[in-house]
């Protein structure tokens, strides 16, 4: 089930609600990534406290470990993981295509060797829909092919057209499995506007509950990513949620929302947290730097997260330098809270029809330095 309601716009920025089988989401929204069914260094209650409304699970990795038999025993990911709010799962395609020489792409699907034990496996649109039906994720993604950041037009066109054929097969299999959740199609076409338009038209003809923009933030220059976003964003259907996959930095999120994107996911806040790279409204803090060893201030004096309420930069510096797992946990709490607060601030700015002013203030603050 999916019901999307658009409440307000400010320029191209959109404020909406997305009703799913496991809850209602306020958009625009950021989805923390729980690759193996857990957001790294977080428990579900801590994740909830950051303001997270929905998380992402990885179809490829969950299929390999623990496997469908195990997750099926629990009736899906929600009871297995203890996260009872909505979950989106990707199709598994990106991970398979990242295997390089270990995989072979055909019209039928992708043959590959398991990176865990070397088993020969096959992922098709139908198999991806089967896996995601067992996972019982609230939002299911079609299987698509993601090209590298910059390829020639002919290569991008052939890949995009195969993704469209896979989209049709994904739609058919999703319906055959009587999956009660929502299915999103994925716009591909690399950096070429004509291919993106052809892809979007094909997906619209097939019929999906939401539309994702894929194939960005995969190695192309940032100005090119923003160009495609500015061209494609306003073309997306107004009555469906728009999802920008695998993006990104705080600046990327603001740029995405400015161009009509409603949903984002990225490993950046959690991965960077474990590496001591912390986001604040005043710019980024690399907590390993010696300048923070006796800094008594919190990361951000205006942040209300557990980490900023209780701990100093000096203590976080110490935890990172000594490799304490508590440091990774506290850093992750802060980064995810920062991302969720950023989304809440954008929702409020759209409601007040002041998003352009918010953008200016956001960039000015981030440039100031922490």
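In case you wondered, yes, glycine gets a Cβ from its N, Cα and C as well.
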Per Swiss-Prot, 303, 305, 308 bind Zn(2+); matching candidate in 153, 242, 334, 363: 334
Residue among 53, 188, 302 sharing the substrate site, where Swiss-Prot lists 90, 91, 92, 93, 94, 144, 215 as binders: 188
Range annotated as region 'RNA binding' - as stated in Swiss-Prot, picked from 218-224, 225-231, 232-238, 246-252: 246-252
Per Swiss-Prot record, range annotated region 'RNA binding' [choices 260-264, 265-269, 270-274]: 270-274
Averaged pLDDT score, the region 'RNA binding' (246-252): 97
Residue 91 (substrate binding site) versus recorded positions 265, 303, 305, 308, 334 - nearest by Cα: 265
Shortest C-alpha distance to residue 188 (substrate binding site) - which of the recorded positions 90, 265, 303, 334: 90
Fewest other Cβ within 10 angstroms of its own Cβ, chosen from the binding-site residues 303, 305, 308: 303
Proximal but sequence-remote residues of the same chain as residue 265 (active site, nucleophile) (Cβ under 8 Å, at least 6 apart): 30, 31, 32, 33, 56, 88, 245, 246, 247
